[in-house]
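Over in TrEMBL, the protein carries these features:
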DOMAIN    11-126  domain 'Response regulatory'
MOD_RES   D61  4-aspartylphosphate
Amino acid sequence: MEAVCIDLTPRVLVAEDDRELRELLALVLENAGYQVCQCSNGEQLLTRLKEQPAIDLVISDIRMPGLNGLEVLARRNRHLQQIPFICMTAFGDEQTHRKARHLGAAAVIDKPFDLDDMMTLIAHVCLRNERIKGVDHENK
């Protein structure tokens, strides 16, 4: 019997128009063992999701050029709605948080944020998503 390697490393897509923050998040995630890809606006994010649906988590700024993070959440098709989103915002009023959650965001975090808090949130969302996937596979 041939051995099969399965890569269980979570794949995270970071969408942020601030290059320094995007690259910092990518570096921290990679150092923590995540596979990371990056994009700088909402159009790239939506395209990347459609072309590469094997993403386990999206971390997206809400205010970006072109499509914003909320518009991307609203435009996801049924299959892409299974991918959890963590939304980041520097404009963290309750209405923005409520709208993001209504559109399916797993969490919303206000900028500036503590990187340790973000990493804890990421681990929690990834774990919750794995549990949901496990239940879905058991029910099939």
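Quick reminder: no glycine exception, Cβ is built from N, Cα and C everywhere.
The Cβ of D61 (4-aspartylphosphate) has 23 other Cβ atoms within 10 Å, all protein chains considered.
Each residue in the domain 'Response regulatory' (11-126) has a pLDDT score, and their mean in this model is 94. In three-state terms derived from DSSP, the residue listed as '4-aspartylphosphate' belongs to an extended strand segment. Note: the domain 'Response regulatory' (11-126) comprises 54 helix, 24 strand, 38 coil (DSSP; helix = H, G, I, strand = E, B).
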